[in-house]
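As structure tokens, the structure follows; a few thoughts come after it.
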Amino acid sequence: MLRRAASNAYSWWWASHVRTKQSKWLEENLQDIEEKVEYALKLLEDEGDSFAKRAEMYYKRRPELISFVEESFKAYRALAERYDHISKELQNANTTIASVFPDQVPEFAMNEDDDDDAPVSPRHHKNKTSNKNVPKVPDLPIKDPEAAKKMFMSRKAIQEQNASSVVNKSGLSKTEAVEEIDKLQKEILVLQTEKEFVKTSYENGLAKYWEIEKCIMEKQGKVSSLQDEFDEGAVVIEDKEAQILMSTTALKSCQEKLEELRDKQEQNVKEVDVSRKQISESTEEFGNLSDALLGDGKGNHEIYSEKEKLESLGEKVNDEFDDSEAKSCLTIPDVADKIDELVNDVINLENLFSSQAALIHRLREEIDDLKAQIRALQKENNSSQTDDNMDMGKKLKEMEEKVNGVKDIDQEVEEKSDNIDKHLTRAHMKLSFLSKRLKSLTQEGEDEELKATNVPIQDIGSLTDTKFPEENIDDTVVSENALDIKSASEVVFAEKDLSDEVNQEEAIETKTKEASLSDLEKHISSPKSDIITTQESSDELFLQKLLAHGIEGREKHLLTEYTKVLRNYKEVKKLLHETETKLKNVNTLKDEGKDQQRGQLFMLICREDNNATNAITGQKQRMSPNEEQLGARVDALLSENLNLLVRFSNSFGKIQQFDTGIKDLHGEMLKIIKQKNQDGGKNTLRSNVRPIYKHLSEIRTEMTVWLEKSLLLKEEINIRASTLSDIHNEITEALKTDSEDSEIKFTIYQGAKFEGEVSNMKKENNRIAEELQTGLDQVTKLMKDADTTLEKLSEEFSLSESNTQSSQDRSRIPLRSFIFDRKPKKQRLSLFSCIQPSLSKMKKPAGS
């Protein structure tokens, strides 16, 4: 990436030479315009021989040509603007070069007319100009003495004369201009490097963005498929839960990014330390060289001195981290706002890292340049013993300025590194504070289950009665402890204010631990509980060590304590699972015993029923003749009832057919009426209305027949109802009489059986009568609708049943006999007229 930045440092020079092979934009535009011109020529070459081709050329190809002209104008406009911009830049560059290097102005003028694509170095230009500017022998003697004087002047004198004649627009001398150009080029290089770093981070962030977007789309598709599969609606997440989830995710992302930036900072610090060692070595060499050359002991041996820090970085940040932030985070939305500020701080930190990387890269290059100059000066000192002290002093002064410049860059790197450390520490403090505050707010709004999962040490004895989600305990405890350890390792000074509270918490934890162990011994009496009780002595020793250590390493001790409690919890949960399985086995055994008892009881009931049926059948064999006669009547009524149900179901099913047929005809009729209102032609639509009219008349006739049959069925049902009531009265009277006549008397079982069958038939008969009456009402309503529809059709389209029949039965006169006056042949009698002569007699008067 640094090589790419170095290669792009002078890209402005090559971009100024706008040529076809070097400008990708211009080449693409030329290819695009060439393709468009070819397409436009093809459109213009077509000849409109027919009207269709001319219409196509006008309506289809004319807009294409117009769009081609517009696009060509836009392309020309863009090309002209780019040319105008580049010409201004070239003009400014030429004026600057002419003011700084006046002797190379003719060479650049020649380069403008050169058509070669490859850039030519200044050496080649000088060789070409020197070869081309060789003076030739003049044909005539020179009359102008000034011109002759200039011919014999040296080139250096001519250049000095031209330089003195040119006025500098910038107001700078040649050396100042060179220094300014060098400075600007270095700044450009730094900006190019920083740009490459920012570009790389942007590309990485963009790739991660699209990866997350793809993951979101996949999960959303899975959610949609599951909702469609199980017919579940969208699950609405509560605002508070959504804010907590988003805040937790943002804090996790910030934590990962801060860890990554912390690693980068450590790497940058190592690189800066290496660079500082090189600076100290170079300054020492420069001091020895200056002592050897000047001998006055004025060399600057102590170039770099590290700035003493009066206050630690943590104390500075602690002063800045005000208590107002803690007071302002009272609700979850306030915490969300603070998290947004933390995200902005992390983004600013990334920008600071990119600028720091550019400065470190510049520092390396300056150190390498300084080393090269010191080596060159040492070689020059060893090779030639010169007496020119002024020249050597000038070089040493330049070298000292170079060293001071490197020191300034190093100081700038150090300040930026301190600033980054300060921002990193503050971001870590914000992260730890916001994470703790978010957890405290979530714990306040939750029930006792969440409190128990977050504080598992306080009540271990209740583990046998309550079920805790294992995953929640592991996640909350481990993440909380990891975050506490990280924040404590990074910000140590924050623990000093909390030492008293920590000691109190540890004392409370020891008491709760002892109480929990005693409760655990009371509640758990299985062999597995020995594993927990054997750890009591080790836990007491551990608590003593925890109190002895004090604040240092309390997070590690608490983490180990939490892991032990979780281990105990898992063992207790395992014991509970085993007891549950035992209870399930006992319950299954009890259920099996109950099933066996139910089976035995059912067998006893079946035996009693068989005995009762045997007794009844024994009584049935001794039935009287009147009972047999009444039983035969009841059986006949049952068969008639079954036949009646079949007839009723067949007739009742036709009601739905009538309804659907009339609805369909109504729909078709409405379409025809709508078409009539739109077109206004009655004769053209009469042929479409006739089949509807005929079909509706047929349905009306069928409904009339159905009504007649249904009325007969209704009378039959009424007769059956009276018969059933008579039989029911006979049975009840026979059961009530206490006469000694054996012909009339019934047994209790047989009388109850006859009475039940007759009552069931009466209920069925009443239900059929009600449904039949409903069907009659519905068919009557349908007949009225059909009559109104037929009347409406006959009025609007002049249709009637007599007209249709007469038009069909009217004897038609052939067209041939009408024209040529021929008598038609006698029509033969059809088979239907022979079979039914009465129909023809009825139709004749209707037609007449």
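Glycine too: its Cβ is placed from the backbone N, Cα and C atoms.
Source: prediction; values computed, not measured.
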*Among 108-141, 380-413, where does Swiss-Prot put the label region 'Disordered'?*
108-141
*From 7-39, 40-72, 172-204, 700-732, which range did Swiss-Prot mark with coiled coil?*
172-204
*Which residue range, 241-278, 583-620, 659-696, is the one Swiss-Prot calls coiled coil?*
241-278
_Range annotated as coiled coil in Swiss-Prot, from 476-521, 752-797_ = 752-797
*asked:* Give the nonlocal contacts of the coiled coil (241-278) in its own chain as ranges (CB under 8 Å, at least six residues past its ends).
replied: 304, 332-333, 335-336, 339, 342-343, 346, 349-350, 353, 356-357, 360, 363-364, 367, 371, 410, 413-414, 417, 420-421, 424, 427-428, 431, 434-435, 438, 442, 483
*asked:* As a quick check of your reading of DSSP, tell me how many residues in the domain 'NAB' (10-90) are helical, how many are strand and how many are coil.
replied: 68 helix, 0 strand, 13 coil
*Over the domain 'NAB' (10-90), work out the mean pLDDT and round it to an integer.*
73
